[in-house]
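Visitor: Feature list, courtesy of Swiss-Prot:
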- 8-15, 21-22, Arg60, 87-90, Lys98, 114-115, 183-184: substrate binding site (BINDING)
- His9: active site, tele-phosphohistidine intermediate (ACT_SITE)
- Glu87: active site, proton donor/acceptor (ACT_SITE)
- His182: site 'Transition state stabilizer' (SITE)
Amino acid sequence: MIKLVLVRHGESLWNLENRFTGWTDVDLSENGLKEARRAGKILKKNGFVFDVAYTSVLKRAIRTLWIILYEMDLAWIPVFKSWRLNERHYGALQGLNKAETAKKYGEEQVHKWRRFVNVKPPELTKEDTRYPGNEYKYKDLNEEQIPLTENLADTERRVLEEWRGNIAKDLKEGKRVIISAHGNTLRALVKYLDDIPADNVANLNIPTGIPLVYELDEKLKPITHYYLSDKE
């Protein structure tokens, strides 16, 4: 049996402020730091060990992973960072307060932007200061790879490129893997692993800082999955 652990980053400063974050590189809140430490301690308490780790290129996920591995005395294992594990890009909504956006556009429209698989928020322009192409960390991406906005299907597409190209190979080689990523990238991966129909994804939620364990067969098909909490 193969075990895979998924962790959504601890609460970020913009989670706390109820803002759309996307590719904006905000840090963890104080509570988020506590969530990351707690996740590391829970994993260690339950006997988990990892050979390799994956995360995005956004500091809230990277820092969460660092803290988890530190708490587990595993700071030395290889860590691979990929933009393909970044949060879904929220386009022109990035930085906006979710409640205020709902008042402006209506709760139904915002719900569709956030939760429907094939609905995209309004695009950024390349002249916008929030455009990822302005950031050094994305200098090696071509223009087609840098989103102006995304829906969940777009996010799933790039997440699965990372899954098939690297993560799945490590798992099949017997490596024990942890992924520290984001709400929508993990929703996309869970949708794929559990073969969830697009119509049922709207209510799928991944909480911050709580390890989600998948037990997989040799073909990487889920046998079961469960969250690790303080009570276990």
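Any Cβ shown, glycine's included, is placed from N, Cα and C.
Surface or core, plus neighbours and distances: that's what I need for these features.
Guide: When other Cβ atoms within 10 Å of the Cβ of Gly22 (substrate binding site) are tallied across all protein chains shown, the result is 27. In the three-state DSSP classification, Gly22 (substrate binding site) falls within coil.
According to DSSP, His9 (active site, tele-phosphohistidine intermediate) is assigned to coil rather than to any helix or strand.
The secondary structure of Glu87 (active site, proton donor/acceptor), as reduced to three states from DSSP, is coil rather than helix or strand. Within the same chain, residues at least six positions away from Glu87 (active site, proton donor/acceptor) with a Cβ under 8 Å of its Cβ are Thr21, Gly22, Trp23, Ser56, Leu58, Ala181, His182, Gly183, Asn184, Thr185.
In the three-state DSSP assignment, the secondary structure recorded for His182 (site 'Transition state stabilizer') is coil.
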Visitor: Can you give me the same-chain residues 6 or more apart in sequence from Arg88 (substrate binding site) with a CB-CB distance under 8 Å?
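Guide: Within the chain, Arg88 (substrate binding site) has Cβ neighbours under 8 Å at Gly22, Glu150, Asn151, Leu152, Asp154, Thr155, His182, Asn184, Thr185, Ala188.
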Visitor: Excluding near sequence neighbours, so keeping only residues 6 or more apart in the same chain, what lies with its CB under 8 A of Trp14 (substrate binding site)?
Guide: Phe20, Thr21, Thr24, Val26, Gly95
Visitor: Could you tell me which of these recorded positions, His9, Gly183, has the fewest other Cβ atoms within 10 Å of its Cβ?
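Guide: Gly183, out of the recorded positions His9, Gly183, has the fewest neighbouring Cβ atoms within 10 Å.
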Visitor: Ranked by the number of other Cβ atoms within 10 Å of their own Cβ, which of the recorded positions Lys98, His182 ranks first?
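Guide: Result for the most crowded candidate: His182.
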